[in-house]
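If you check TrEMBL, you get these features:
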| type | residues | note |
| --- | --- | --- |
| BINDING | B:CYS111, B:CYS114, B:CYS151, B:CYS154 | Zn(2+) binding site |
2 protein chains.
Amino acid sequence: MELQGFERHDHASCIRDGVDAAAEHCRREGLQLTPVRRRVLEILLERHRALGAYDILDTLRDEGLGSQPPVAYRALDFLVKNGFAHRIERLNAFVACNHPGENHSPAFLICRKCDRVAEGQADPASDMLGRSAAAIGFRIERAVVEAEGLCPACQENDRK
Amino acid sequence: MELQGFERHDHASCIRDGVDAAAEHCRREGLQLTPVRRRVLEILLERHRALGAYDILDTLRDEGLGSQPPVAYRALDFLVKNGFAHRIERLNAFVACNHPGENHSPAFLICRKCDRVAEGQADPASDMLGRSAAAIGFRIERAVVEAEGLCPACQENDRK
DNA sequence: CAGCGAACTGTTATGTTATTACACCGGAGC
DNA sequence: GCTCCGGTGTAATAACATAACAGTTCGCTG
Ligand SMILES: [Zn+2]
Ligand SMILES: [Zn+2]
Ligand SMILES: [Zn+2]
Ligand SMILES: [Zn+2]
């Protein structure tokens, strides 16, 4: 599994790639990446962290793209439904997807100190819970996997 | 892993055992299992499902045990902190623990149809995410694992 | 081209979940 | 008796989320 989120990276291309992947996916699927939806995705990619719906709404409002909660929630619903973003239940917040386009079950590492989030993969069928579920006949459709702890950088700072 | 929650069981003893385990744990640890706290735990055990804080508060209010949100939230905080109950992030709700006293990392199977919840174990260090986290130096302290799907009974009903 | 429906947006209002802040109470220890 | 501390009672508010409905655009079809 490839983990992303805590290491340094070329952020400009990270934003560009995210938007491009979404645009391409929408083109193929006949979905509309409208200005609001595109901008919300950009905001998530730019900030590169988990953002609450109202944080995003503040930015939209500043830019004249919408001022009421449904505007933000509708765009986020679209992004989540189509796999361009994920909801972090633990934080009531949203992050841009690191593997857009790919069909995947995300798992997250959330730093409780700096609030940054790394996204990885967790195959729900292969782990202990998945096997036990299969054993009792429970059919898993979706799994929320969110680990909380300290990222490498914050462990460093703790020691200082 | 032992999964509990969907099968039939002796519910009276299930309630009694849960309260007894908590009472015993509190006695040993010098914690106060006050009337409100005990009653909230009983409510969770009686209903044997995930309950919102306000659902619980409604019951407390009917019984004259408190009418304002902090009463319910404080009791729930106590129960969660001491391992007698768990919060289900996906549902903004709470369930009584099935393994009180034992030190464990719970994982849940949530039926999207009947809303019942089964609790199992998920060792965060042993799965794919845990190994990847260790590889990049992320220290996992706690993990939310919540699988959503259809329980055996609801799959049956679907077929009818 | 008129009429229509689907998808999206704008806005108001409201519902749901959770916390802050402060007054009060009662027992333990001195 | 006094003080500290953990717990409770309550009001007010914050934070998160949705319902409902009017208005727009645009492509389709008669
Ligand atoms: Zn993803
Ligand atoms: Zn960190
Ligand atoms: Zn448990
Ligand atoms: Zn079910």
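Think of each number as a place in line: the chain as shown, counted from 1.
Even glycines carry a Cβ here, placed using N, Cα and C.
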C-beta crowding around B:CYS154 (Zn(2+) binding site), within 10 angstroms: 18
Candidates from B:CYS114, B:CYS151, B:CYS154 close to chain A, where binding-site residues are judged by Cβ under 8 Å: B:CYS151
Protein Cβ atoms within 10 Å of B:CYS111 (Zn(2+) binding site), excluding its own: 22
Of B:CYS114, B:CYS151 (the binding-site residues), the residue whose Cβ has the fewest other Cβ atoms within 10 Å: B:CYS114
Cβ-centroid neighbours of Zn(2+) site B:CYS111, B:CYS114, B:CYS151, B:CYS154, 8 Å, sequence order: B:PHE6, B:ARG112, B:LYS113, B:ASP115, B:ARG116, B:LEU150, B:PRO152, B:ALA153, B:GLN155
Three-state secondary structure, which DSSP defines for B:CYS154 (Zn(2+) binding site): helix
Secondary structure of B:CYS111 (Zn(2+) binding site) (DSSP, helix/strand/coil): strand
